Number of protein chains: 2
Amino acid sequence: MEKVTLDDAFDSFDEPWSPRLAGALNGQEVKLAKAEGEFVWHEHEDADEMFLVTDGRLRIEFREADDVVLEAGELLVVPRSVEHRPVAEPTAEMLLFEPSGTENTGGVESELASEVRELE
Amino acid sequence: MEKVTLDDAFDSFDEPWSPRLAGALNGQEVKLAKAEGEFVWHEHEDADEMFLVTDGRLRIEFREADDVVLEAGELLVVPRSVEHRPVAEPTAEMLLFEPSGTENTGGVESELASEVRELE
């Protein structure tokens, strides 16, 4: 069993919106992501998604609810089928918990669409 | 949607080994727990379990592998059916991520057995 040290893991990559796999359990994945500026509006039809911000500031916008602003040490669960747009102000680092195979854009075509990659 | 601020949530309770529910998603639960000293040896037959330490120091002992020591900002996934014993040195705060209904002692009878409680 290998532990993951978040500081080292976040230091190992720079690309925003390019999630790295930190762990897998019970059909779910724990991913690390860096964020910069606006992501795309999207939803995950079959996947609830948890955001846990560890650095910076991430605003999550919703079509039909008030924005939620997350700073380091704050988490939010976004239920499946709720359209949302993460916006880093101006950058953020976060853990994501979601089912294995969840696409970062929920299938929306975008240059920001990215497969999850292994940590190096 | 309500965010959870970890500092406030950890300030809202004192009991060690008494997990609080911070979120639920995809049949899984995110729990907050405080730890003090030794827990009981146990395993979860059908549940992988993730520990993410946010404060203090938690040593996780295994019957057939080296101990893993987690400090703030470190995480470990303990696979199902792997017997383990968490030991806080001397205290720790952590997030746990595991299937809904997972018992903290894995069914082992102990005065430390505790249902998950709602955050207040």
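Placement of Cβ uses the backbone N, Cα and C atoms for every residue, glycine included.
TrEMBL annotations: computationally assigned, not manually curated.
Per TrEMBL, the feature domain 'Cyclic nucleotide-binding' maps to B:9-120. Annotation comment: TrEMBL describes B:98-120 as region 'Disordered'.
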Using a Cβ cut-off under 8 Å, which residues of the same chain at least 6 positions beyond either end of the region 'Disordered' (B:98-120) come close to it?
4, 9, 12-13, 17-22, 24, 27-29, 31-33, 39-50
Quick one: DSSP breakdown of the region 'Disordered' (B:98-120) into helix, strand and coil?
0 helix, 4 strand, 19 coil
